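Take a look at the structure below.
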Amino acid sequence: MAFSDLTSRTVRFYDNWIKDADPRVENWLLMSSPLPQTIILGLYVYFVTSLGPKLMENRKPFELKKAMITYNFFIVLFSVYMCYEFVMSGWGTGYSFRCDIVDYSQSPRAMRMVHTCWLYYFSKFIELFDTIFFVLRKKNSQVTFLHVFHHTIMPWTWWFGVKFAAGGLGTFHALLNTAVHVVMYFYYGLCAMGPAYQKYLWWKKHLTSLQLVQFVLVTVHIGQIFFMEDCNYQYPVFLYIIMSYGCIFLLLFLHFWYRAYTKGQRLPKTMENGNCKSKHH
């Protein structure tokens with residue numbers, strides 16, 4: 001009886017909560033409920049932390065050079081497209097970079113922003129292959145808690161962003177992230193091409209700097225919410241989540257920077273059998 005009552009309460013809570021969702025995305029892929037993505041992400045975590053390593057335990061690592069080159073440069077092109085769309089749907093066509101609220105209209109620009117937000121959300125599922133490639137190549141040391149957490153939490157939280165607040169100042173971090181990913185995955189693409197291209201990877205340290213700048217800009221931009229008394233952004237809870245996430249990764253990357261470049265400890269080699277070792281977000 002108690003379980004039945006709890007279930008009923010949960011269903012009522014969900015119904016009351018979901019009624020405020022954006023109807024424009026109701027019938028889009030993966031957007032009807034959070035359950036499909038939760039199942040996908042659960043299977044991803046199970047595969048990369050348990051099933052995959054067990055299946056590969058007595059097997060040789062897969063040779064995935066061509067697949068990784070194709071994958072990385074595809075992400076570069078996809079990120080260029082998403083960055084352009086974020087600019088054209090708001091960030092370069094009217095947003096103030098201050099209190100930019102969500103436009104829930106059916107206008108072409110508003111719908112372009114919604115579509116771009118969904119593309120960004122979907123791209124996070126494509127990026128799960130980062131970890132799958134690690135597992136298939138038996139690079140299990142790179143499948144860290146932080147890596148898996150990041151690749152799981154990004155699509156899961158972005159579902160709520162697209163469902164309720166596709167646009168406005170909560171998308172600035174996505175604009176920056178797509179721009180950074182253009183550079184990052186270009187770097188990984190060169191890495192995947194083998195040792196012959198190592199001479200073109202002298203700018204690895206600057207890649208870390210770029211990621212640090214990304215988190216600083218995200219934190220500063222979102223931090224404006226505390227100083228804008230009349231900002232009527234519809235879902236401020238999302239801004240607090242973004243700011244918390246930005247601060248956490250800013251601290252993690254500062255620690256990485258200090259350990260790698262200031263304290264004098266040696267970094268892992270940029271290339272190992274033609275493959276990169278690097279943090280990326």
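Including glycine, each Cβ sits where the backbone N, Cα and C put it.
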In terms of membrane topology from Swiss-Prot, ASN16 and TRP203: same side, yes or no? no
Under Swiss-Prot's annotation, the disulfide partner of CYS99 is which of CYS117, CYS191, CYS231? CYS231
Cβ-Cβ under 8 Å with the topological domain 'Cytoplasmic' (49-72): same-chain residues at least 6 beyond its ends: 129, 132-133, 135-140, 143, 148, 185-186, 188-189, 192-194, 274-275
Report, as numbers and ranges, which residues of the same chain sit near the topological domain 'Lumenal' (163-176): CB under 8 Å and 6 or more residues beyond its ends. 20-22, 24-25, 31, 82-83, 86-87, 89-91, 95, 97-103, 110, 113-114, 117-118, 120, 214, 217-218, 221-222, 224-225, 233-235, 238-239, 242, 246
Any idea what DSSP makes of CYS231 (disulfide bond), helix, strand or coil? coil
Can you figure out which of ALA2, CYS99, CYS231 (the recorded positions) comes closest in space to LYS204 (3-oxoeicosanoyl-CoA binding site), comparing Cα atoms? CYS99
